[in-house]
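Visitor: The structure is given below, and queries will be raised subsequently.
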Amino acid sequence: MEYSLFCHHLYALSVSPVKKKLGLLFIMLLLWVYMLYSCVGFCATMPRRLLVDNSNNNRARETEFVGKYAEAESGRPDPVMSKLLSEHRAQSSWTDLESDYDEPTFRRAPRGFAKNDVEVDRADDWEDGRGGEPRVSPLSSFSSGSGSKKLPQAIIIGVKKGGTRALLEFLRVHPDIRAVGAEPHFFDRNYDNGLAWYRDLMPKTLEGQITMEKTPSYFVTREAPARIYALSRDTKLIVVVRDPVTRAISDYTQTLSKKPDIPTFESLTFKNRTTGLIDTSWSAIQIGIYAKHLDNWLQYFPMVQILFVSGERLITDPAGELGRVQDFLGLKRIITDKHFYFNQTKGFPCLKKAEGSSKPHCLGKTKGRTHPNIDPEVVQRFRDFYRPFNMKFYQMTGHNFGWD
């Protein structure tokens, strides 16, 4: 009996420290989980180089930069480009029959612009009416709203009627991309609103996610490259380009749908139909001189920071083009063939299932309009006009887009 009691005491002494250790480990595990959960929000809100700025100071730095850059690196103008453009110099203001895009945009607004007034998309941009619905990743949901609004690390800067809306919506399927739906037009129309206004338009992101926006008019805005460079010289730029002849006709078709009484395409194209002189003051023509606009961007950004997406291949091989974009952004190739199906009626690809939805996702009625019949002679004259500019563009980008 005494021996049994003695053994019981020894057993109790040996077990008690084990229980204490297990309890301590359990408490430490709880603390570790709590710290990890808190760190998700903390890391996402770490300050970056230009999160807060003053618009006046920003413009002063931009002016100083432009002066130094021009003195140090501009050099002599490209003689080939000068020759090409000598006859077709753009006028100080283009003739643009439609000052706005067929896209939702943010208008100039006071700094107190309400959040629920800006993060919207027009319902008719997508058939299911979900154009501007924010995509929320599982990690965002886990962190219960943590994260912060950051200035974009990548911008789709062009071109109008090239396929920018389709590209943006395809990219928003990726869990590591967060993009504002409407076009901010910060670097062309709303620059005076300041960086705080611009940043407030952006969706919240966590560390490792990329913030994006698209405004196609940036590519043809002379001030945009310097302004974006002043914001961040590391910004990645994406340009969706399309056969400039087809693009111009699509541009005209969009305007015609809103203003049926505008002049014919032929009358807007020529300064003089008899001589065949093209009117380059019309923005629908001016936008398609890609080499001229690219030359402006290359004064500030190296070619390795600019990706050119083929608008034609975005229709025939969306997964292939999206693969190139994901590589360019340094992201895993998550968007693949399995995400797309071709809509024979509309004539372009649609998403099988958008993020957070079980329904197919197609561009709406404002996209894919039927083009008017254009005199083949006019089209050929148009192609002859663009050919030297296209050749120069192929040379600059190192890629033949096959428009000729």
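For all residues, glycine too, the Cβ spot is worked out from N, Cα and C.
TrEMBL lists 123-149 with the feature region 'Disordered'. Here TrEMBL flags 123-133 as compositional bias 'Basic and acidic residues'. Look at TrEMBL and you will find 137-149 tagged as compositional bias 'Low complexity'. Annotated domain 'Sulfotransferase' per TrEMBL: 152-387, in sequence order. The 3'-phosphoadenylyl sulfate binding site feature in TrEMBL is assigned to Lys161, Gly162, Gly163, Thr164, Arg165, Arg242, Ser250, Lys367, Gly368, Arg369, Thr370, His371. The annotation active site, for sulfotransferase activity is assigned in TrEMBL to Lys161.
What's the neighbourhood like for these features in this structure?
Guide: Neighbours of Lys161 (3'-phosphoadenylyl sulfate binding site), defined as other CB atoms within 10 A of its CB across all chains, total 25.
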Visitor: Averaged over the domain 'Sulfotransferase' (152-387), what pLDDT does the predicted model reach?
Guide: 93
Visitor: Might you list, by sequence position, any residue in that chain lying six or more from Thr370 (3'-phosphoadenylyl sulfate binding site) with a Cβ less than 8 Å away from its Cβ?
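Guide: Non-local contacts for Thr370 (3'-phosphoadenylyl sulfate binding site): Thr253.
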Visitor: Would you please pick out, from the binding-site residues Arg165, Ser250, the one with the fewest other Cβ atoms within 10 Å of its Cβ?
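Guide: Across Arg165, Ser250, these binding-site residues, the one with fewest Cβ atoms within 10 Å is Ser250.
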